Amino acid sequence: NQVLEMFDHAYSNYMEHAYPADELMPLTCRGRVRGQEPSRGDVDDALGKFSLTLIDTLDTLVVLNKTKEFEEAVKKVIKDVNLDNDIVVSVFETNIRVLGGLLGGHSVAIMLKEKGEYMQWYNGELLHMAKELGYKLLPAFNTTSGLPYPRVNLKFGVRHPEARTGTETDTCTACAGTLILEFAALSRFTGTSIFEEYARKALDFIWEKRQRSSNLVGVTINIHTGDWVRKDSGVGAGIDSYYEYLLKAYVLLGDDSFLERFNTHYDAIMRYISQPPLLLDVHIHKPMLNARTWMDSLLAFFPGLQVLKGDIRPAIETHEMLYQVIKKHNFLPEAFTTDFRVHWAQHPLRPEFAESTYFLYKATGDPYYLEVGKTLIENLNKYARVPCGFAAMKDVRTGSHEDRMDSFFLAEMFKYLYLLFADKEDMIFDIEDYIFTTEAHLLPLWLSTTNQTISKKNTTTEYTELDDSNFDWTCPNTQILFPNDPMFAQSIREPLKNVVDKSCPRGISRAEETLGSGPKPPLRARDFMASNPEHLEILKKMGVSLIHLKDGRVQLVQHAVQAASSLDAEDGLRFMQEMIELSSQQQKEQQLPPRAVQIVSHPFFGRVVLTAGPAQFGMDLSKHKAGTRGFVATIKPYNGCSEITNPEAVKEKIALMQRGQCMFAEKARNIQKAGAIGGIVIDDNEGSSSDTAPLFQMAGDGKNTDDITIPMLFLFNKEGNIILDAIREYEAVEVLLSDKAKDRDLEMENMDQKLSENDLHKQNSEEGTSASQDAGAVSEEPEEGESSDVTDPDSLSPANADSDSVSISNQDSYVPGIDEASAPEPACTQGDHQPQEQKTETESNSKVNWDNKVQPMESILADWNEDIEAFEMMEKDEL
């Protein structure tokens with residue numbers, strides 16, 4: 001009942017505040033429409049303006065016995081969803097979420113129709129939509145290898161001049177290897193074999209390219225040559241569902257070659273990657289060598305897959321280890337180290353751990369897993385629940401939120417939690433008649449004997465000799481495996497109870513003991529502060545000496561022989577390794593968040609927010625909340641590398657200049673001398689954009705830059721051209737340089753009700769300016785022998801030494817360009833944000849639009865009341 005109430009809270013808020021948008025933004029109670037929010041990079045490739053969350057939720061409604069709501073939802077999808085949008089989407093995400101959602105919806109729709117009470121009007125409409133979408137994905141497979149391009153334009157395909165995609169060379173193994181269930185089901189349902197053929201060809205190619213001596217596959221592969229681009233191998237992000245689909249393809253399609261391949265890979269995984277209870281990435285060519293010292297949260301699906309295979313003991317071990325991490329942090333961090341520290345702190349409400357919990361309960365019948373499920377429910381309600389749904393965790397350590405509720409939360413989390421607690425009488429159909437896709441969509445097992453147009457030629461044994469004696473040639477057992485030994489699972493879990501809190505039991509006779517009463521944990525690099533005398537004393541005990549450099553940085557050197565004891569020397573070595581890794585990370589990742597350039601003059605009034613990179617010199621906008629506001633002016637010479645020749649045009653204005661030919665600091669000094677109050681450097685690399693390139697800090701020139709007092713920001717070419725175009729059209733353009741976007745100027749906007757249709761159209765086309773993804777510090781490229789400031793990789797700026805590094809994730813995380821937790825925008829005035837699709841809508845369909853769900857700020861504040869204080873605290877907690 002609790003799961004049903006939670007689902008209703010999430011689903012009803014999506015339908016009320018977000019539909020027909022793809023996803024709900026639960027903090028600001030509105031829909032996420034691609035192009036109207038700052039870009040989050042690859043994460044946004046799942047969004048295609050096709051009401052993603054509703055399609056992803058269809059079969060969940062039936063599992064949760066909400067058949068009336070399901071019938072209404074199917075009618076909405078048929079009536080409202082358009083799959084022919086000019087938008088570039090991920091082939092992988094669109095396949096598992098949208099194609100899978102349509103097929104899962106069709107599967108349960110025909111089941112309900114057969115039962116005779118609901119869906120009597122249904123005539124395969126969802127299947128027709130699935131087939132239409134399948135054909136739209138096929139152009140991605142136009143490669144010599146058969147591996148699909150990672151992205152496709154729903155309207156124009158891949159090679160078309162207007163497609164804006166098709167230049168990629170790499171894809172992840174999971175992206176190319178997680179197609180067979182949906183594509184084969186589509187072929188079996190429709191009798192059109194081409195979909196299954198394409199998916200099989202991609203799987204065949206990956207199998208052929210596996211590393212032959214280790215039988216492992218890498219994370220990313222070149223779609224044209226088949227060369228491995230990333231040669232590390234694990235069971236988490238980038239590979240995970242490739243293994244899952246090999247086993248499930250055997251279950252669904254009955255083709256022995258898929259089971260042979262899975263078992264071959266599984267043997268390699270257990271030989272090299274499995275280090276109970278850990279699952280650690282290794283190099284495919286040197287599988288005895290670990291590739292990294294941390295694990296990502298996506299591997300939480302693997303115990304469930306092991307249950308499906310019938311290998312219960314390691315499944316129990318890994319699941320228990322993950323549960324201990326959850327008990328420590330309330331949620332599973334996106335990545336955590338081998339000693340269970342947070343590596344990436346986000347948690348986008350992923351369902352993989354709930355999935356494995358469900359499978360383990362099915363296999364063992366152990367009520368312990370019901371208690372695990374109860375903990376998951378309590379944590380979601382306590383930490384993630386907000387008035388308009390459930391919000392992803394931005395940082396599991398601080399409890400701060402992110403304004404996102406991904407579609408998989410409704411598609412998977414509630415499905416697995418409901419099934420975990422449901423008895424047979426709570427279900428209106430037998431779940432054992434279906435197999436779950438990786439997005440938990442339901443495909444009926446009877447498809448294995450329907451429309452078998454593919455010959456079952458066994459291609460696996462051409463590549464390897466297999467020992468059949470090791471293989472289980474039966475389908476997975478759905479009955480409880482240990483009816484006579486209820487203590488079996490507990491006996492495996494017991495040794496792992498303290499694996500997280502006591503991952504490395506230490507003696508108390510260590511240096512820290514002398515600094516306080518009793519033992520203290522060793523000093524971590526992330527906590528170190530060069531100004532803390534206690535930390536300096538600990539360093540001395542560990543044999544680490546600190547050298548202050550002339551430029552203000554500090555350098556650390558360890559001499560193990562100078563440590564107080566061998567234990568302290570060991571701690572010192574670990575501290576140095578952590579510090580080197582942290583320092584390296586800080587060079588790759590930008591410590592400061594992106595800044596904002598907001599166009600505040602007519603006719604924009606703050607709607608256009610451009611993501612900008614900060615400078616390591618000049619005014620720190622994070623400490624000047626009001627920012628710097630002024631009209632912009634282009635300087636002469638445009639590169640700003642010599643004395644400004646038009647100072648009268650620049651005085652008291654924000655100067656625009658081009659990147660290149662001299663150091664950033666030199667440009668800043670020249671415009672400051674001319675009387676400018678700020679500067680914007682525009683990239684000279686034609687077409688560069690924060691959509692596709694990592695943002696960076698503008699570095700100094702290696703000299704003292706205290707004389708520069710004005711703020712300096714960097715814009716990529718695409719974003720810079722938006723300002724230049726505005727100058728050409730409106731002449732007087734006023735901008736605000738700040739650390740984050742401010743509420744738009746409603747007073748000015750209300751005075752300007754006479755905007756022409758052309759002006760409105762221009763605003764709409766420019767609002768899609770996107771925020772950056774991850775960021776790293778890059779100095780201006782010096783020319784003609786000039787030197788740039790390069791930080792010693794073994795040294796660390798004292799200012800950065802006491803903070804965690806910014807988290808970066810391969811697939812689902814991002815660094816937002818503006819404060820996602822800030823107060824929502826007020827409701828749009830009439831005519832704002834009208835997407836092109838709306839122009840063709842009829843009167844009768846006008847209720848379904850992208851913007852009518854945006855509430856006035858007063859209404860939202862009235863709803864939140866006590867939560868306002870919490871959100872303000874969350875703002876302060878932001879990294």
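Any Cβ shown, glycine's included, is placed from N, Cα and C.
Cβ environment of Glu93 (active site, proton donor): Asp45, Ala46 lie under 8 Å away, each six or more residues apart in the same chain. Feature annotation from TrEMBL assigns active site, proton donor to Glu93 (among others).
The feature active site is assigned by TrEMBL to Asp240 (among others). There are 25 other Cβ atoms within 10 Å of the Cβ belonging to Asp240 (active site).
What TrEMBL lists as active site, proton donor is Glu334 (among others).
For Glu352 (active site), the same-chain residues 6+ apart in sequence whose C-beta sits under 8 angstroms from its C-beta are Ser297, Leu298, Leu299, Ala300, Phe301, Gly304. Annotation comment: TrEMBL describes Glu352 (among others) as active site.
In sequence order, Ile96, Thr178, Leu181, Asp240, Ser241, Glu244, Tyr245, Phe301 are the residues near Thr438 (Ca(2+) binding site), counting only same-chain partners six or more apart with C-beta under 8 A. The feature Ca(2+) binding site is assigned by TrEMBL to Thr438.
Per TrEMBL, compositional bias 'Basic and acidic residues' is recorded for 755-765 (among others).
The compositional bias 'Acidic residues' annotation in TrEMBL covers 780-792.
The compositional bias 'Polar residues' annotation in TrEMBL covers 797-813.
Look at TrEMBL and you will find 834-844 (among others) tagged as compositional bias 'Basic and acidic residues'.
For the domain 'PA' (635-722), the model's pLDDT averages out at 88. Taken from TrEMBL, the feature domain 'PA' applies to 635-722.
Positions annotated as region 'Disordered' by TrEMBL: 755-854.
Counting every protein chain shown, the number of other Cβ atoms lying within 10 Å of the Cβ of Glu334 (active site, proton donor) is 27. For the domain 'PA' (635-722), the number of residues in each DSSP class (helix H, G, I; strand E, B; coil) is 20 helix, 16 strand, 52 coil.
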